[in-house]
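J.: Positions annotated as compositional bias 'Low complexity' by Swiss-Prot: 16-44. Marked as domain 'SH2' by Swiss-Prot: 484-575. What Swiss-Prot lists as N-acetylmethionine is Met1, and the listing cites similarity to another entry. The feature phosphoserine is assigned by Swiss-Prot to Ser36, Ser139, Ser449. Taken from Swiss-Prot, the feature N6-acetyllysine covers Lys154, and the record attributes it to a large-scale study or a structure entry. As annotated by Swiss-Prot, phosphotyrosine applies to Tyr349, Tyr350, Tyr423. According to Swiss-Prot, the feature region 'CH1' maps to 340-483.
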Amino acid sequence: MDLLPPKPKYNPLRNESLSSLEEGASGSTPPEELPSPSASSLGPILPPLPGDDSPTTLCSFFPRMSNLKLANPAGGRLGPKGEPGKAAEDGEGSAGAALRDSGLLPLLQDMNKLSGGGGRRTRVEGGQLGGEEWTRHGSFVNKPTRGWLHPNDKVMGPGVSYLVRYMGCVEVLQSMRALDFNTRTQVTREAISLVCEAVPGAKGATRRRKPCSRPLSSILGRSNLKFAGMPITLTVSTSSLNLMAADCKQIIANHHMQSISFASGGDPDTAEYVAYVAKDPVNQRACHILECPEGLAQDVISTIGQAFELRFKQYLRNPPKLVTPHDRMAGFDGSAWDEEEEEPPDHQYYNDFPGKEPPLGGVVDMRLREGAARPTLPSAQMSSHLGATLPIGQHAAGDHEVRKQMLPPPPCPGRELFDDPSYVNIQNLDKARQAGGGAGPPNPSLNGSAPRDLFDMKPFEDALRVPPPPQSMSMAEQLQGEPWFHGKLSRREAEALLQLNGDFLVRESTTTPGQYVLTGLQSGQPKHLLLVDPEGVVRTKDHRFESVSHLISYHMDNHLPIISAGSELCLQQPVDRKV
């Protein structure tokens with residue numbers, strides 16, 4: 001009787017695999033073949049199969065990065081079992097460093113935690129990503145198995161539009177970056193449940209919702225159901241998520257990509273919903289909820305993921321010198337228009353957006369701290385990806401020693417100065433005026449006793465030696481003949497004159513000569529819009545006007561709203577001044 005030779009044990013170093021006969025006899029399955037560490041492999045990263053039909057989040061389109069460690073920049077990539085493997089190539093190292101410096105690292109951490117354990121795992125150390133997971137020309141987003149749904153040119157250009165229903169938004173009181181991944185997901189899904197209960201006819205409203213836990217109740221605030229249930233056109237592009245009413249073409253919101261911190265789908269009971277957290281001047285930080293037709297929610301999430309990937313590749317091609325974390329920033333559209341906001345307790349940026357605080361050496365600091373030390377402000381350009389408004393050092397023209405100590409700013413004409421807001425160190429402006437022979441009245445803001453407009457253009461004119469606009473006198477004389485011009489008026493006095501939606505008036509700034517403010521009432525909320533840019537030009541985001549009267553008549557006669565910072569102001573009834 002012949003004895004069968006013993007079956008050889010499977011060696012992972014063998015070139016051939018076990019035959020089907022050997023597999024059946026052994027009763028065990030060979031381990032899965034490990035991916036090649038070659039950096040040239042650009043094959044798509046397959047998502048976990050069990051999660052294909054389940055609701056997902058935007059984060060599930062990104063690689064697993066929970067083991068990312070930044071403590072050892074020189075660390076190499078580890079193999080699947082921890083053995084040192086082939087070091088990442090230079091291109092990967094630079095991409096990983098750019099990822100770390102860009103401020104996107106907190107957004108990409110804890111990705112794919114909702115998916116199962118069947119997908120590939122990649123260990124990342126030293127800020128370097130594995131070759132198959134990342135290359136500069138590759139993809140950092142786990143594409144769907146069928147690939148992206150739309151051509152890149154379309155997402156980078158006009159965008160992709162979906163017809164959905166806007167269900168409202170819920171205020172988020174904490175930064176999403178301060179929360180872990182599971183809590184972020186719970187926040188968005190709890191916001192979806194709150195809106196479903198509040199809006200009649202919403203999908204998933206019939207199910208019983210568990211009481212909101214105490215931690216979530218402290219994170220979520222009030223709901224805003226102003227446009228709840230309205231059919232809208234959602235346009236997804238690399239620049240923004242645009243929400244426009246389908247019938248009247250009114251823009252409900254326009255959230256720049258850098259202001260979006262998290263996006264997620266619903267749970268199995270609310271699978272047709274998409275929620276994302278964004279910041280805007282109207283709702284501050286809020287979770288916006290969209291109801292999609294059946295089967296469309298996954299496509300919307302996938303398109304948002306594609307837009308994020310393309311946006312990050314744009315950032316890699318044009319990285320800024322300095323980057324600020326995206327969740328602290330709200331979008332800035334580069335418009336010369338901006339809303340005049342009431343001065344808050346802690347001073348804010350020249351272009352006023354919630355959550356921004358001026359750095360040391362700004363206009364406000366130097367006014368309030370007479371004789372304070374002069375800090376050095378770095379020179380930087382605005383980020384094309386994160387939209388971060390960064391200070392650019394500007395100096396008084398007569399202070400030669402300060403210019404030698406500080407970095408020279410990039411050449412910036414007057415128009416770019418307004419689009420790229422700058423800080424001016426005005427500590428020695430009074431000395432410069434006295435050296436020039438002009439005494440000038442003392443600044444009322446030095447002791448904080450006199451109120452002032454937050455958008456005070458005077459320091460910019462002094463530091464840049466810009467003469468007053470030559471047409472300011474003629475403009476003032478022309479406005480005196482307009483019944484809706486009230487001269488110098490404070491914010492509260494102007495708001496007291498507004499009674500109905502559509503009421504408006506024009507007033508002169510109490511602290512900035514030559515600056516005029518349009519005050520109007522829209523949806524019960526007063527709006528204050530600046531009309532003159534630093535060059536003395538009356539303009540909106542899209543048009544220039546000969547005068548303030550021309551701007552008012554143009555929008556009244558054509559029944560066109562003025563759009564600023566994502567909100568509208570309609571000019572319907574002028575408020576005449578009292579004679």
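Backbone N, Cα and C define each Cβ position, glycine as well.
If you look at the structure here, what lies around each of the features I listed?
T.: Confidence over the domain 'SH2' (484-575), given as mean pLDDT on the 0 to 100 scale, stands at 85.
Counting only residues at least six positions away in the same chain, the Cβ atoms of Val160 sit under 8 Å from the Cβ of Lys154 (N6-acetyllysine).
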J.: Using DSSP, tally how many residues of the domain 'SH2' (484-575) sit in helix, strand and coil.
T.: 16 helix, 36 strand, 40 coil
